[in-house]
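Per TrEMBL, these features apply:
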| type | residues | note |
| --- | --- | --- |
| DOMAIN | B:37-232 | domain 'MacB-like periplasmic core' |
| TRANSMEM | B:38-57 | transmembrane segment |
| TRANSMEM | B:256-286 | transmembrane segment |
| DOMAIN | B:267-383 | domain 'ABC3 transporter permease C-terminal' |
| TRANSMEM | B:307-337 | transmembrane segment |
| TRANSMEM | B:357-378 | transmembrane segment |
Amino acid sequence: MYSLELRGATKRYPGGGAEPVVALDDVDFAVEPGEFVAVVGPSGSGKSTLLNVLGLLDDPTEGQRLLDGTDVTSLSVAQRTAARKESIGFVFQDFHLLPTLTAVENVALPTAFDPGDASDRAADLLSRFGLGDRLGHEPAELSGGQKQRVAIARSLINEPAVLLADEPTGNLDTETGESILAEFERVKEEGVAVVAVTHDPLVEGFADRVVELTDGVLVGGVPDGGERADEPRPGPETATAGDR
Amino acid sequence: MSRADPSTPSGLAGRLRGWGPAVAMAARNLRRNRVRTALAVLGVCIGVLAVAALGIFGNVLALGAQDAIGDIGTQVVVSPNADAGVESLSDADVADIRRAVGGPAVVPLHSDNAVVSGQSAQQFATIYGVEEPALAFEAAEGRLPERHRQGAIVGAGVAEDLGVGPGDTVGIGGAQVRVVAVLVESQTFSPVAPDDAVFLPESAFSADGYGRVLVVAESGEAARAAADDIRAEVNAREERVELFELVAIVDEINGFFGLLSTFLLGLGAISLVVAGVSILNVMLMSTVERRQEIGVMRAVGVTRRDVLRVLLAEAGLIGAAGAAAGTLLTVLLVAGLVVSTPEVDAALALDPTNGRYLLLALGFGVGVGLVSGAYPAWKAANERPVEALRS
């Protein structure tokens, strides 16, 4: 079973004229657990829209969206929020850490309003990303690479199925970018599917699969260049699929 | 998906649970722009000060007036209704009145006018015949007898004008009468006008009828009830008596002070509304500035309700801090006024009813914060994270 899948997803925005703008045109896309997919394409090709639709921030106009094999095409706002929190981690180009919170608190932000204290788990995650000595620091006291590591730790606090990254290396120098991509490799080795939207050739080098989006049309969206998968395909991941 | 199940904690504890982290986060957000927060707090503080101080001011005025009016509200004066041809009240009328009112003391008065003379002066005065003066009056000098059998009880005004006191004699209608007591000066207007009267025993009057009947109740409420009873029973068939209720005047005066208090509170409330607008402004500005942050919170799975809580807590904290400061300032202001101005009666300023205005202002301050914060909070919480993140 795929971690996240789009079947024939189309996203149309009402344009200025009579013709609506087609941001995604009948897109088939799937990512397997533990797979790192890079989505490349020119500006305005619909990469951000794809990421928003994948991340349950936006709904497709047509088509189907599945999360761990469950249809999540049209959910209520509250259900979408709960599903994002439960199954999807976000990493942004601008890190988007809350400036008033410490590193630990930023990592624990998705669970901040839940019963129980996730601080220990947040601290563990930060230690794993080499920030064990920066737990109480606020974002202003961290470097770009450190901030992005905090953001990755935040995206993992709820053990998501998928990590979605929007230009994760866009604001980092090459060396730091490489170290962040190395972190993504570690994340995917834990069975998390990673989808990164990028302009950065460096990311393509780390990805298991690179798919290209041009004017809303996606090429190679499904593993093995396969046909649209109407049934869950048997694969090496089916053993772990029962976990969720 | 059990961890995120929002339905697990139920009841009040569950509903309150999210507020702890929300308030903590709100407090940090407020510290980010201290000057702006401080100004918004100051606005609420001034509004609360205005409401509390003006409210207490009005209340102290009303209390002072009540104090000055004293207990006139407890008396009802019953007179014969001359329009109906009733010249005086008979023993039967007095008995009717007694029966009608029940508890309150009923003091019938004969009345006449005469020239009263002292050692060196004389004046025209009302002469009352009364059997039980102690029920309706108080002595400043001498003692009021249970049963008035001999001697004269002199009103404060007459005693002063004639320069007489207990033990002296006054001439009334040619007869010399010993003064047994001088009354306390009355604080209020009453048709009986005891200050300018002399009270003699009933035996001094040959006439049968009474000119007036005083009904003295324990409280304004009892006086009102007694007057109603007299109207219902004594005046049942014909309007034999006229009633003069001082409680009606007291009501009018209290009504006026009630209006004054409301007016003053309204004046204060305007400044509180202005403070509310400033909170609205601060919250709108800060939610626009933090649009992306709020979008990130929503994206990583913080619910709309929790975002709303954080923002409402921010507005509520501004309101609460301002209200607390304003209340404290009001207490200091009132204390300062009492200490520096001898005219202000400390007992009036410390009256527990003033606490109501403090609580009212405190509640208004917090309420204004929450109400003004509601719209920005709702707006920010309901913005789609996609839009918020794009900016």
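Each residue, glycine too, has its Cβ placed from N, Cα and C.
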For this session: Give the residue counts of the domain 'ABC3 transporter permease C-terminal' (B:267-383) per reduced DSSP state, in the order helix, strand, coil.
Result: 102 helix, 0 strand, 15 coil
Exercise. Looking only at residues six or more beyond either end of the transmembrane segment (B:307-337), which have a C-beta under 8 A from one in the stretch?
Worked result: 18-19, 22-23, 25-27, 29-30, 37, 40-49, 52-53, 56, 275, 279, 282-283, 286-287, 294, 297-298, 344, 349, 354, 358, 361-370, 372-374, 376-378, 380-381
Seminar exercise, completed: The average per-residue pLDDT within the domain 'ABC3 transporter permease C-terminal' (B:267-383) comes out at 88
